[in-house]
Structure formats: C-alpha cells, structure tokens
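Notes for the one structure printed next.
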C-alpha cells in the first residue's frame, strides 16, 4: 500500500542523491540542536514559543514565505500551468492587498496587545467561549490538513496545506525508500521543533527556503536549456495555447479568471497571512512592530518569485512534452506525479540534481509541518491549558510546551501511516484548511471592524460560516463524483457501508439541481464567501440580541 507503479520510471536515485537528502535532514536537525543546547536553551515559554521576541526582518520574512510553501504548492503550480495555461499567474495580483492589509491592520492589533496566541484576542474582544471555539476550530484545521489524501490536491492545490501522504508517491517515483524517508523526515522535524522552539523553526525555514529556491531553479535552468532556450519555450507554449490573456469574465463560477484570482485570492491571502496562528506567531517573534511590518512587506517580492518559478516550470514542462504528456501515455496516474516524472526525466543525467529537487520537496514539507507543530503547541498551551490549570512555573510550562510539540509530531506520523492504509477512503476528505480558514478570517474581521458585534453573534456567525463552508465543499466534491458514482450505484450492490454512504450523499446532492450553481463556485471564492457569511450572520444576531458594551481598550478595534 502507498506505492504507485509507473510504466517507465526514468530515473532511480544514486548515492549522491541520498547524500544530499541526508544532508538536508542533518542540517535541519543541527539547527534545532544548536538552539536547544547553546546559550539560549529555551528556558521560558516566551523563548520557546516566541523566540524571545528577538527576531530580525530577514529570517522572519523567509519563514513567513516557507510556512505555507509546501511540497503540494511546489508541485501544484507547474501542473496547473501545463494543463490550463498561464491564467493562474494572475494570482500574483492578489499578493499586494493580501499582504498590505495584514501589515497595517492585523499586525498592529496583535503586536500591541502583546499576545502569544491569536485567539487571546477573541477573549479580549468577545468572551472566553469564543476564544475556545476559535482555538478548537484551528486545532481541527491544522491536525486535519496534516494527513489529507494526495489525490485531493488536484482540486485544492492552491490552498497551501501540509500533506505528509504526498511523500508516499514522491519517494516511490524517485526511488527513495518509502517509510524510511517518511520516518526520517517526521522524526527530524519533531526533534528540532520540540527541542529548539520557534527560533529553530524560523532558522531551519530560512535554510529550507534556500533549498526550495535552488531545487526549482535547477529544474528551470536545465529544462530550458534542453528545450532550446526561453524563447523556444515561450513559442511552444504560445503555439499550444498555454499563454493566457486577461480574462475579465465576472462569473464567480468560472474556475480561474482575473477576478477569482486577483480578488478572491486576496481573501485567501488574508486567511493565511492575516489571522493564521502560524504566521501571526512569526510577526509576534519580531523584535519590534516595525520589523514585523517590514517582514510582511518582504514576503511580497518573494511570493512573486515563487509563483513565477512555478509557472516557468510548467511552461518548460509543456515545451518538453507538448500534448503527449506522461499522463496520457500511462507513465503516471495524476498531474502532480507528472511534475515529478518531468523533473527526473530532465535531471536524470546530472548526478545530485534529482536529489536536490527531492530535498526541495522535503524542505517544503518540513517547513510547513514544523510550523504546524509549533503553532499547535502554542494555542494548546496558551488557550486550553494555562487558563484552566493552577499557575505553573516557567520551567514546567516550557517543558509542557516541548512535550506538546513532540506529541503533535508523533500524531502527524501516525496519521501519515493511517493515510497510507486507508487509501481511497481518504479521497472523500476535503481540504479542511481551505474550508476552515475563511470562517476564522470572518470571525476576526467581525471583532476588528464592527464594534457593535457581540459574543453571541460571533459564536453563531462562526458556526454558520463553518456549516456553509462544509456544505459547499462537500457538495462540490460529491457533485464531481456523481458522474462516475451514480452508474456504479445503479449496477452494483455492495455491503460496504462507506460506499453506500458516499452513494447516498451523492444522490442527495445531485437531486438538488438548484444548488448546482453554489457547488460550482470557484474554489478561489471559498474564503471570501465563508468569511462574509460569518460577518453577515454575526451582525444580524448581534442586532437581534443587543449591542455589546464597548471595550475601553481601543487597540481591539481598527
């Protein structure tokens, strides 16, 4: 289980490729051990969870970039460009407002309140119950996305999420030992996160970001050279109708247009860079508010470079294969695997470079997973344990935080193993990260922009946003399954409860044609739609249940 058979694998990893992979793990572990046993030994929770609020602009900005630049995103963009053309490139238009708004609205609020957890704001603004609900929602979001099924990426690859199961076919394609590499990655990541704290996570992110850039750049340079130069690559892409113009179609049901990418993408960016605990924690680790804002600014050109490299890789891939892709020939089973096949095909005669790209993918996975561990440990400690237990010493609190990071690391490995055993069952699981991010964004916007919103409105709004998110998400997924699921249901009777449940849900979904437009909504609008649901419902309920008493601390509002 967990293996994918290729008809014609172009490359098997050589010793030098294994060496590069091992060096990545050793360097990552070394950084964690250095910060665990050097002068600053993470003796307090502020040192462990917030890097003692001492970080400078460069490491924070690169860590912000790496946190959600997962292996899924590295594979997703080239696949999208190869299949659908360069329309996806317009996502870069959303980066400006998507980073400018957090820099001047969310960061000042969180930084001036001297928070450790984003969800402390919800108690200051609303109530303890809202804080707990927000925290539990975030934990559910982050734990769920650590084990999503790899085949679901093709529908939600633009929602950056950690997908440990991704590595189950990365390793198979490249010739690396399956569980040996997964366990090595998971244990090293858990080690440096649990021992070195946020400072180790940030500095390993810096190192891993450089590896990611190097791996992608190597593929682009070698692939472009083999294709006859960048002009030839562009010419072949134009001849193949892969160079897209500006599509101003306002229809929100269209998958990718300028509006879905440039405007809908803003809300996706806000959910990631505005209110997500993993990112906010990095802002809060900065030595000053100005440094935090500058770090957010610095992400903008880096994101543009990352997007450009992903798109160029897709164009180079098209220049190499044209319409006769390895997917059509049966060498691979999905577009994401095709990217890996292309990389190994291009780099097969260059020892070390295949290993560099594998290290690039694992760097993406490591940076995202370690951020998840650290942020989960922080919210669990600050929001669920400290407020409900007797005061504890800093030493004990720090030890408990390290144990939480270790525990979440082991949970991640266990879930990766379960994912490999469950196989196709997990294909029914949607991108929890993408669905839950919108409602959480709406909850914070409700608190910051609408002083008359109360805690009852916030709770009802959050629940309504989550219900709407899962309704649209599950409906969209099942409606896509209906074409193949319904014929099977009509001709086959099976005692499998899972299949029967899926068939029943599919029937219910497809029997409501009036909802089909809602299920056809572009995934780029999910965050905007779900956050708007929280705000609208929250305001209506607040008006019906009475206005909230204004807080005296004006820092709580924008």
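Cβ coordinates come from backbone N, Cα and C, glycine included.
Nobody curates TrEMBL annotations by hand; they come from automatic prediction.
Residues 176, 181, 184-185, 188-189, 191-193, 195-197, 199-200, 203-204, 207-208, 211, 352, 355-356, 358-359, 362-363, 366 of the same chain, all 6+ positions outside the transmembrane segment (18-37), place their C-beta atoms under 8 angstroms from a C-beta of that stretch. What TrEMBL records for 18-37 (among others) is transmembrane segment.
Look at TrEMBL and you will find 57-76 (among others) tagged as transmembrane segment.
Tertiary neighbourhood of the transmembrane segment (88-111): same-chain residues 77, 80-81, 118, 121, 158, 244, 246, 256, 258, 261-266, 268-270, 272-275, 280, 283-284, 286, 289, 292-293, 296-297, 299-300, 303-304, 307-308, 311, 444, 448, 555-556, 558, selected by CB-CB distance under 8 Å and a gap of 6+ residues from either end. Under the heading transmembrane segment, TrEMBL lists 88-111 (among others).
Positions annotated as transmembrane segment by TrEMBL: 168-194 (among others).
Within its own chain, the transmembrane segment (206-225) has Cβ neighbours under 8 Å at 24, 27-28, 31, 58-59, 62-63, 65-66, 69, 74, 233, 305, 309-310, 312-313, 316-317, 319-320, 342-343, 346-347, 350, 353, 356-361, 363-364, 366-367, counting only residues six or more beyond its boundaries. Under the heading transmembrane segment, TrEMBL lists 206-225 (among others).
The transmembrane segment annotation in TrEMBL covers 256-275 (among others).
What TrEMBL records for 296-319 (among others) is transmembrane segment.
The feature transmembrane segment is assigned by TrEMBL to 356-379 (among others).
As annotated by TrEMBL, transmembrane segment applies to 399-419 (among others).
The feature transmembrane segment is assigned by TrEMBL to 425-450 (among others).
Feature annotation from TrEMBL assigns transmembrane segment to 457-478 (among others).
Residues 155-156, 158-159, 252, 255-256, 260-261, 263-268, 270-271, 434-435, 437-439, 441-443, 445-446, 450, 452-454, 456-458, 460-462, 464-466, 468-469, 472-473, 476 of the same chain, all 6+ positions outside the transmembrane segment (523-544), place their C-beta atoms under 8 angstroms from a C-beta of that stretch. The annotation transmembrane segment is assigned in TrEMBL to 523-544 (among others).
Residues 64, 68, 84, 87-88, 90-91, 93-95, 97-99, 101-102, 105-106, 118, 158-160, 246-250, 296, 299, 437-438, 440-441, 444, 522, 524-528, 531 of the same chain lie 6+ residues outside the transmembrane segment (256-275) yet bring a C-beta within less than 8 angstroms of a C-beta in it.
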